[in-house]
């Protein structure tokens, strides 16, 4: 008999800056905020994880992969 593992799934909380159903800007801003936070505060700064949880819950994986590749190549279209 195998044990049933339950995991609580959460999505990004409401942000009044992005009140519409289209969450593209919320996704983008959370991705940028996470990487800026890590750059300024360091990779071990726990509050940065909030932004990471948000963008990972609402951004399509293909966008994240593309943006990660652009950051590594130095062609990301936003200053971080």
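Just so it is clear, glycine is given a Cβ too, placed from its N, Cα and C backbone atoms.
Per TrEMBL, the feature disulfide bond maps to 27-59 (among others).
Within the same chain, residues at least 6 positions away in sequence whose Cβ sits under 8 Å from that of residue 48 (disulfide bond) are 34, 37, 38, 41. Residues annotated as disulfide bond in TrEMBL: 37-48 (among others).
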Packing count at residue 59 (disulfide bond) (other Cβ atoms within 10 Å of its Cβ): 19
Per-residue Cβ crowding (10 Å cut-off), top of disulfide-bonded residues 27, 37: 27
